[in-house]
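Worksheet: the structure to be examined is printed underneath.
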Amino acid sequence: MDYLCFRALCCKGPPPARPEYDLVCIGLTGSGKTSLLSQLCSESPEHVVSTTGADHIRKYWSRYYQGSQGVIFVLDSASSEGDLETARSELHSALQHPQLCTLPFLILASHQDKPAARSAQEVKKYFELEPLARGQRWILQPCSLGDVAALKDSFSRLIQLLEEKDQEAARM
């Protein structure tokens, strides 16, 4: 018995294996995808270069969906009405896509530090998330580059949803 206590307290082996998940991260140009993910990985956002031509590749997003276990959708909560409507349309398409419709979604409402930013409640209402995503697992998280704690918390909650989905699949 003493040996087991000693081993548990003093002999640290490698950390337990953590599951890995394949996630797809989508959003309009300028929504903050690269900046937020760089910040999450503790990389300096000053070296982030905007993706060029991203609007032209939107029609190819579905090619990245296969094998995904979860979705991160980044929207600019301070964008113009036109861009917000485009983001809404793209999110609706993703939520209804056959390869994504059963997956957990993390919706990041970025640029909360800008004066024109819409609140999480405004985004939820404008994007019609309640009626559209009913029965689906999703998280709406307002965020900005200055709030890494909220960003990490939202990813932790996404991982919980992914783990719950794994447990449900194992029971079947």
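Cβ atoms are placed via backbone N, Cα and C, with glycine included.
Summarising the annotation, TrEMBL assigns GTP binding site to Gly27, Leu28, Thr29, Gly30, Ser31, Gly32, Lys33, Thr34.
A simple way to gauge crowding: the CB of Thr34 (GTP binding site) has 18 other CB atoms within 10 angstroms, across all the protein chains here. Under the heading Mg(2+) binding site, TrEMBL lists Thr34, Thr51.
Within the same chain, residues at least six positions away from Ser31 (GTP binding site) with a Cβ under 8 Å of its Cβ are Val74, Leu75, Asp76, Ser79, Ala87, Ser110.
It is Gly27 that, of the binding-site residues Gly27, Gly30, has its Cβ surrounded by the most other Cβ atoms within 10 Å. Within 10 Å of the C-beta of Leu28 (GTP binding site) there are 21 other C-beta atoms, taking all protein chains into account. Less than 8 angstroms from the CB of Gly32 (GTP binding site) sit Val74, Asp76, Leu108, Ser110, His111, Leu145, each of them six or more residues away in the same chain.
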